[in-house]
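Undergrad: Mind having a look at this structure? Questions to follow.
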Amino acid sequence: MVLMIVSGRSGSGKSVALRALEDMGFYCVDNLPVVLLPDLARSLADRNISAAVSIDVRNMPESPEIFEQAMQNLPECFSPQLLFLDADRNTLIRRYSDTRRLHPLSSKNLSLESAIDEESDLLEPLRSRADLIVDTSEMSVHELAEMLRTRLLGKRERELTMVFESFGFKHGIPIDADYVFDVRFLPNPHWDPKLRPMTGLDKPVAAFLDRHTEVHNFIYQTRSYLELWLPMLETNNRSYLTVAIGCTGGKHRSVYIAEQLADYFRSRGKNVQSRHRTLEKRKS
């Protein structure tokens, strides 16, 4: 059975995550004090029910040792997993402005910006030991729920999911990436007027990049690196690996290479997802 602990900065989507987990059959509890985690787990053990518990800055223990002790006191039949949701600072500020809700630390007479920064510091002990960190900055409520269903179902089956994610450096580096590869040195289809409005998913762009030896070399060496270390990652109780591929705008080169890598590992029987941050942002 799984005990999914959901945490993250306020406004990052914890309530959405908890609802998605409830739809997946988890017994969900919002804002349970950490010291009560073992009691909850023991009460559910005989019923063979997986549980999900949200922890925010208001019920954080005074020291990390209290959290570690609670984890050690869980029944052996439970496998604890920590999901940490986050978003960039500007996104969190915008979400609070849109909803006009008070930040949990607003009672300390802090500005919203200061409250967000202090919350980040207080939650760092949980973030540093998270099994999965999800950046929700560019996600809608429905996209977050669907992504969590896909990834967390994989985790419950102890299956490593490889996520290949393209992005544009001018939009920022994804904070949920385990590996980041920069492909801005490769030939750029952007400078061909016919290819400029297309994306790395279009055949003419793929044909352009496929003609260059350095593109083939980069793909080969990147997949060889991942193949070398993948067995170690799989045996390290890890269920996901996020590989981010970045070019200047996130439209041509990074998209093509992310798809090539995804297709390669998919053809070898791996559980693979691909995501294109810039293209998804243009659709929304």
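Every residue gets a Cβ built from N, Cα and C, even glycine.
What Swiss-Prot records for this protein is below:
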BINDING   Gly8, Arg9, Ser10, Gly11, Ser12, Gly13, Lys14, Ser15  ATP binding site
BINDING   Asp56, Val57, Arg58, Asn59  GTP binding site
REGION    266-284  region 'RNA-binding'
Undergrad: Write down the Cα-Cα distance for Val57 (GTP binding site) and Lys14 (ATP binding site), rounded and given in Å.
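TA: Cα to Cα, Lys14 (ATP binding site) and Val57 (GTP binding site) are separated by 12 Å.
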Undergrad: Which residues does Gly8 (ATP binding site) neighbour through Cβ under 8 Å, counting only same-chain ones at least six apart?
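TA: Spatial neighbours, sequence-distant, of Gly8 (ATP binding site): Lys14, Asp56, Leu83, Phe84, Leu85, Asp86, Leu123.
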Undergrad: Going by C-alpha positions, which of the binding-site residues (Val57, Arg58, Asn59) is nearest Arg9 (ATP binding site)?
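TA: Sorting the binding-site residues by distance from Arg9 (ATP binding site), the top entry is Val57.
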Undergrad: Listing them in sequence order, which of the binding-site residues Gly11, Ser12, Gly13, Ser15 have their Cα within 10 Å of that of Val57 (GTP binding site)?
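TA: Cα within 10 Å of Val57 (GTP binding site): none.
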Undergrad: Going by DSSP assignments with H, G and I as helix and E and B as strand, what are the residue counts for the region 'RNA-binding' (266-284)?
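TA: Residue counts for the region 'RNA-binding' (266-284) by secondary structure: 9 helix, 6 strand, 4 coil.
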Undergrad: Spatially speaking, which of the binding-site residues Ser10, Gly11, Ser12, Gly13, Ser15 is closest to Arg58 (GTP binding site)? Use C-alpha to C-alpha, please.
TA: Ser10
Undergrad: Compute the mean position of the Cβ atoms of Gly8, Arg9, Ser10, Gly11, Ser12, Gly13, Lys14, Ser15, which form the recorded ATP site, and then list in sequence order the other residues of that chain whose Cβ is within 8 Å of it.
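TA: Going along the sequence, the neighbours come out as Asp56, Leu85, Asp86, Ala87, Thr136.
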Undergrad: Could you state the whole-number distance in Å separating the C-alpha atoms of Ser12 (ATP binding site) and Asn59 (GTP binding site)?
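TA: The Cα atom of Ser12 (ATP binding site) is 17 Å away from the Cα atom of Asn59 (GTP binding site).
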Undergrad: Within 10 Å of its Cβ, which one of these binding-site residues (Arg9, Lys14, Arg58) has the largest number of other Cβ atoms?
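TA: The largest 10 Å Cβ neighbour count belongs to Arg9.
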Undergrad: Using a Cβ cut-off under 8 Å and a sequence separation of 6 or more, which residues in the same chain sit near Asn59 (GTP binding site)?
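TA: Looking at Cβ-Cβ distances below 8 Å from Asn59 (GTP binding site), excluding near sequence neighbours, one finds Asn31, Leu32, Pro33, Val34.
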Undergrad: For Ser15 (ATP binding site), which residues of its chain lie six or more apart in sequence with Cβ-Cβ distance below 8 Å?
TA: Asp30, Ser54
Undergrad: Within 10 angstroms of the C-beta of Val57 (GTP binding site), what count of other C-beta atoms is obtained when all protein chains are considered?
TA: 20
